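J.: If you scroll down you'll find the structure; I have some questions about it.
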Amino acid sequence: MRALLFLALVGAAVAFPVDDDDKIVGGYTCQENSVPYQVSLNSGYHFCGGSLINDQWVVSAAHCYKSRIQVRLGEHNINVLEGNEQFVNAAKIIKHPNFDRKTLNNDIMLIKLSSPVKLNARVATVALPSSCAPAGTQCLISGWGNTLSSGVNEPDLLQCLDAPLLPQADCEASYPGKITDNMVCVGFLEGGKDSCQGDSGGPVVCNGELQGIVSWGYGCALPDNPGVYTKVCNYVDWIQDTIAAN
């Protein structure tokens with residue numbers, strides 16, 4: 001689930017209705033297998049997303065950690081066996097050593113699969129960033145998370161949302177004192193379009209590169225509270241070093 005940071009501490013997320021017909025919130029159903037790097041993390045049920053970065057490694061959010069995870073690839077409808085899926089258990093699950101559960105700084109995790117997956121048109125990797133993308137860059141967010149800003153509707157079909165990277169100043173103004181250099185906001189200050197609970201760990205891909213990981217936010221799709229994402233470009237060395245050592 002995307003972390004409802006701070007609001008969860010008072011017992012419930014306070015979210016106001018924006019449009020109860022929205023997808024992801026405010027997105028659309030992805031074309032089948034158009035996001036072949038998207039994975040579902042499963043522990044008897046879908047609980048988080050992730051991104052395939054090579055044939056044996058997935059990147060997700062550290063707050064999605066569970067001791068046992070099955071990674072499901074090639075999915076579109078996560079409640080129907082469509083024949084294209086690959087289910088692989090996690091062999092190693094490695095949270096960033098400086099992950100802070102309270103602030104969600106360094107909210108990134110690597111999963112080594114027990115065996116390499118077969119890459120094809122439905123299961124493919126996404127590139128790590130060659131550099132940090134500038135504000136205004138258009139990106140694709142995807143996941144099977146809640147599609148309502150008020151209430152719960154968990155979709156069967158993978159949802160997509162096109163959204164821009166926001167200036168860091170806007171991000172910091174939306175969440176005073178909460179944004180670190182390892183976080184980036186993506187979305188719309190006017191609200192109405194956002195990732196939500198269940199999308200956590202999933203990808204933000206800009207120009208073919210994984211620039212963000214769904215991390216946290218106040219509610220979903222609320223005005224002046226855009227989604228906050230782990231800034232993947234800060235972790236390329238850690239990712240590469242961790243893979244090499246494991």
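Placement of Cβ uses the backbone N, Cα and C atoms for every residue, glycine included.
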J.: Would you mind checking which of Cys171, Cys185, Cys220 shares a disulfide with Cys196 in Swiss-Prot?
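T.: Swiss-Prot annotates a disulfide bond between Cys196 and Cys220.
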J.: From the centroid of the CB atoms of Glu75, Asn77, Val80, Glu85, the recorded Ca(2+) site, which same-chain residues not already listed sit within 8 A by their CB, in sequence order?
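T.: Neighbours within 8 Å of the Cβ centroid, excluding Glu75, Asn77, Val80, Glu85: Arg72, Gly74, His76, Ile78, Asn79, Leu81, Glu82, Asn84.
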J.: Measure from the CA atom of Cys171 (disulfide bond) to the CA atom of Glu75 (Ca(2+) binding site) and give the result in Å, rounded to a whole number.
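T.: If we compare the Cα positions of Glu75 (Ca(2+) binding site) and Cys171 (disulfide bond), the gap is 32 Å.
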J.: Between Cys132 (disulfide bond) and Cys206 (disulfide bond), what C-alpha distance do you get in Å?
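T.: Cys132 (disulfide bond) to Cys206 (disulfide bond), Cα-Cα distance: 10 Å.
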J.: Between Asn77 (Ca(2+) binding site) and Cys196 (disulfide bond), find the distance joining the two CA atoms and give it rounded to the nearest Å.
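T.: With the alpha carbons as reference points, the distance is 18 Å.
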